[in-house]
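What TrEMBL says about this one:
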- Glu83: active site, proton donor (ACT_SITE)
- Asp216: active site (ACT_SITE)
- Glu325: active site, proton donor (ACT_SITE)
- Glu350: active site (ACT_SITE)
- Thr436: Ca(2+) binding site (BINDING)
- Cys279-Cys311: disulfide bond (DISULFID)
Amino acid sequence: VSLQMMKHAWDNYKRYAWGLNELKPISKQGHSSNLFGNIQGATIVDALDTLYIMEMKEEFKEAKEWVEKNLDFNVNAEISVFEVNIRFVGGLLSAYYLSGEEVFRKKAVELGEKLLPAFNTPTGIPWALLNIKSGIGRNWPWASGGSSILAEFGTLHLEFVHLSHLSGNPVFAEKVMNIRKVLNRLDKPEGLYPNYLNPSSGQWGQHHVSIGGLGDSFYEYLLKAWLMSDKTDEEGKKMYYDAVQAIETHLIRKSSGGLTYIAEWKGGLLEHKMGHLTCFAGGMFALGADGAPNDKTGHHIELGAEIARTCHESYDRTSMKLGPEAFRFDGGVEAIATRQNEKYYILRPEVIETYMYMWRLTHDPKYRQWGWEAVEALEKHCRVDGGYSGIRDVYNNHESHDDVQQSFFLSETLKYLYLLFSEDDLLPFEHWIFNTEAHPLPVLHKDDGNTEENQK
């Protein structure tokens, strides 16, 4: 089924928005996101590996030809370093490792080089935004006191290590190792990492902590850096398990109805709200269970299962059986969005991602059942003539579509669904690590300078 869904999403993108970043499935035209500046083709690059894994050979070939002829990084515009890294660099790397086609390696390294000026700051903590023509960077104007964002500069590690591996140029890995150095020498409030860090002073901005947006993938990349290094990156490992310890102590709470959730921390005060993005953490805890210190493996799996259940409840308690952007645990509500601007669903993958990890690590059939419920809801409410659209209010009985088919729907949501219903030997966890955009990267085995040859 996810194969037919992919075909519907891809064919309509091709028909109405080919070469543009994303598709507007209702108005049947292209959608341009300012995250990518003037770089085009986000959906193509993001979907390459999904097409390959689903054996959509014809479509993969067309996509590859587009990349060869049209993927151009010499654009005079500001891009989000984080988004371009996870979608474009990650997508190209993954396409290269899966297919062995040289064009993807070449483009990935070329783009990596274009991102390097973002690190030209007093601390080496990169800017959020970069003009890739002029090399001038800056931060989001709304971010606390000119700060860079933890989830953005903390989500470069996997891709940059692979860029060094594929180019023979150590500078990429050095840049991301330096970020860790800065973080390690800073005092962490209660062992937690605030979401904001000033790249000039090297000091924290506001003491806000979140495992959702602004924080999320930083933690994921600590664990995955250790796993991707064939468990040799001891620093990444220690940082991850220490962080989980602090998260458990200060952020993880149980509602009166018995649902475990991860709250947000604002300078010592908890906000009892959890974002859809935070739902990825169930899969993360389970993935990290195996390496957990002092007999905590079962506990981490249990934690993953509890988060998966809470996130499933957030879906189940809506009319559309699709989860809201954020949901709360206060004033008598549990796992329900109480604010209009949190009731939307934009085809996000995090809940399905957690089901996929939980399924692979426990084989409890309920995760496939929950995934199937999500498929039915997507087909019923998000599928339109021209593709798939997000929804403005999941509690309403009448669809109000947002008219965007996000590139991550093809990259992540549909890939994780496909993997949830596939055998475990498709992209097995001992050989592949998924970046935060669901792009698989091979584990770099220590005995082996030439990983890509062994992974085909």
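Glycine too: its Cβ is placed from the backbone N, Cα and C atoms.
Note that the coordinates shown come from a computational prediction; the quantities given were computed from them, not determined experimentally.
Residues within less than 8 Å, Cβ to Cβ, of Glu83 (active site, proton donor) and separated from it by at least 6 positions along the same chain comprise Leu35, Phe36. Distance noted between the C-alpha atoms of Glu350 (active site) and Asp216 (active site) is 11 Å. Neighbour counts of Cβ atoms within 10 Å were taken for the active-site residues Asp216, Glu325, Glu350; the minimum is at Glu325.
Cys279 (disulfide bond) and Asp216 (active site) have their C-alpha atoms 10 Å apart, to the nearest angstrom. The distance from the Cα of Thr436 (Ca(2+) binding site) to the Cα of Glu325 (active site, proton donor) comes to 18 Å. The distance from the Cα of Cys311 (disulfide bond) to the Cα of Glu325 (active site, proton donor) comes to 11 Å. Separation of the C-alpha atoms of Asp216 (active site) and Glu325 (active site, proton donor): 14 Å, rounded to the nearest whole number.
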